[in-house]
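K.L.:
Okay, these came from TrEMBL:
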BINDING   12-18, 40-42, R304, 330-332, 412-414  GTP binding site
ACT_SITE  D13  active site, proton acceptor
BINDING   D13, G40  Mg(2+) binding site
BINDING   D13, E14, G15, K16, N38, A39, G40, H41, T129, R143, Q223, T238, R302  IMP binding site
ACT_SITE  H41  active site, proton donor
ACT_SITE  K140  active site
BINDING   T298, V299, T300, G301, R302, P303, R304  substrate binding site
Amino acid sequence: MSNVTVIGTQWGDEGKGKIVDWLASRADIVVRFQGGHNAGHTLVVGDQVYKLSLLPSGLVRGKIGVIGNGVVVDPKALMTEIDRVTAQGLVVTPETLWIAENAPLILPVHGALDRAREAARGDHKIGTTGRGIGPAYEDKVARRAIRICDLAEPETLDWKLDELLLHHNTLLAGLGAETFTKEQLKDFLAEITPRLLPFSCQVWDCLDEARRAGRRILFEGAQAVMLDVDHGTYPFVTSSNTVAAVAASGSGVSPSSVGFVLGIAKAYTTRVGEGPFPTELHDQTGRTLGERGHEFGTVTGRPRRCGWFDAVLIRRAVRVGGVSGIALTKLDVLDGLDEISICVGYELDGQKIETFPSAPGAQARVKPVYETMPGWKETTAGARSWAELPAQAIKYVRRIEELIEAPVTLLSTSPERDDTILMRDPFED
Ligand code: IMP
């Protein structure tokens, strides 16, 4: 019996929410280990639609949700989300939600700095969610973050706020943005502390106890490998590591606890925000994918850029992300297309290359080399067995497996939770 870690293999929004929800019903505990409220999951359960950004998806299934130390926590956003799902009937208490007391907080200064810096970047903007994720991670690494445990120590908080404001106000003033007073931050923290502290605990210890009791843990990644701060399309990335290895350090468990790594990949590719995207389609096919796939960001509502499946990038995500098997989502969006292309290599300045380059200039210049295959006319939407799929759709999936050098262990054919074809149960691996 294994734990399972779910990560995205493209630029996020691969449909992780549905897969995590489906797996959560078989787990006891669901853990978020990186990112913050920049993530967005939409879960459809019966007639309820849950929009989650920070809360682990397992809460929707009545499981214990955990926010690990690798997550940056915006306490206001968290409370708003808890209030929203509570109004929808979920029970969120310190018994069902454990938050790492060593997790860093996102404060109003972080969002302000994120937005001021994006505005100053002009043509080179990253297209961040503007929610302060990057500045909060910077503060963690620079050792000036306010962590949840600091809220219980007013004397610590006092000198830490001075240090934080010295740094941030200097930057904000330099960027021509409004600065903050210590009183403002103190008021903000005083308001959230009584609600936040009861949820906080030593998550590593609770998870260790859960492991000893044989409980099944699902680690829920946010964003995706191509947005990883080391392995993604830097600098057009998020500010955390998104690969499966981080499930361990981001929640305080041993590397062997990560278990089966399920990489989620859409049957085509999308991206929000700026940055290189070799297979992006600017034509009617791109628009068709966007319309059929309802490709709008859950968090910001921005339309997503759409393009063909890039097997080269996913092969890399499989290797660096430690992916054991792939969950392929949204196959039905390709139904009815005459032809479907897969990127199998690149051309850079007239030379054929087999891996994606690291420098941003080269990343922007690469041209995809495509392999094109006939599409299928039949619908795959709602298929629940391999036998229900058209032969051509099966060929497409098989070709993807060959190119990315990983098995497709799960196939999702509609947003409905049960429209899923399971080739291998990751918890049984
Ligand atoms: P940040 O994470 O807000 O700093 O944004 C950095 C980049 O990551 C931007 O291109 C965002 O659009 C992208 N990003 C962050 N979170 C997600 C996500 O959950 N899905 C897709 N893109 C994301």
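Cβ atoms are placed via backbone N, Cα and C, with glycine included.
Describe the structural context of these features.
P.N.:
Look at G15 (GTP binding site): DSSP puts it in coil. Taking a C-beta cut-off of under 8 Å and a sequence gap of six or more, G15 (GTP binding site) has these contacts in its own chain: I264, K266, T329, K330, S412, P415.
Its own atom aside, the Cβ of G40 (Mg(2+) binding site) has 21 Cβ atoms within 10 angstroms in the protein chains shown. DSSP gives G40 (Mg(2+) binding site) a coil state; it is part of no helix or strand.
In the three-state DSSP reading, T129 (IMP binding site) counts as coil.
All protein chains considered, the CB of H41 (active site, proton donor) has 24 other CB atoms within 10 Å.
For K140 (active site), the same-chain residues lying six or more positions away in sequence with a CB closer than 8 A to its CB are V72, P104.
In the three-state DSSP reading, T300 (substrate binding site) counts as coil.
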K.L.:
Measuring Cα to Cα, how many Å separate T300 (substrate binding site) from T129 (IMP binding site)?
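P.N.:
Answer for this pair: 7 Å between alpha carbons.
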K.L.:
Using the alpha carbons only, what distance in Å do you get between K18 (GTP binding site) and T129 (IMP binding site) once rounded?
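P.N.:
Here the two Cα atoms are 22 Å apart.
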K.L.:
Which of K18, R302, R304 has the fewest nearby Cβ atoms, counting only those within 10 Å, among these binding-site residues?
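P.N.:
Checked K18, R302, R304; of these binding-site residues, fewest Cβ neighbours within 10 Å: R302.
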K.L.:
Provide, as an integer number of angstrom, the distance between the C-alpha atoms of D13 (active site, proton acceptor) and G301 (substrate binding site).
P.N.:
12
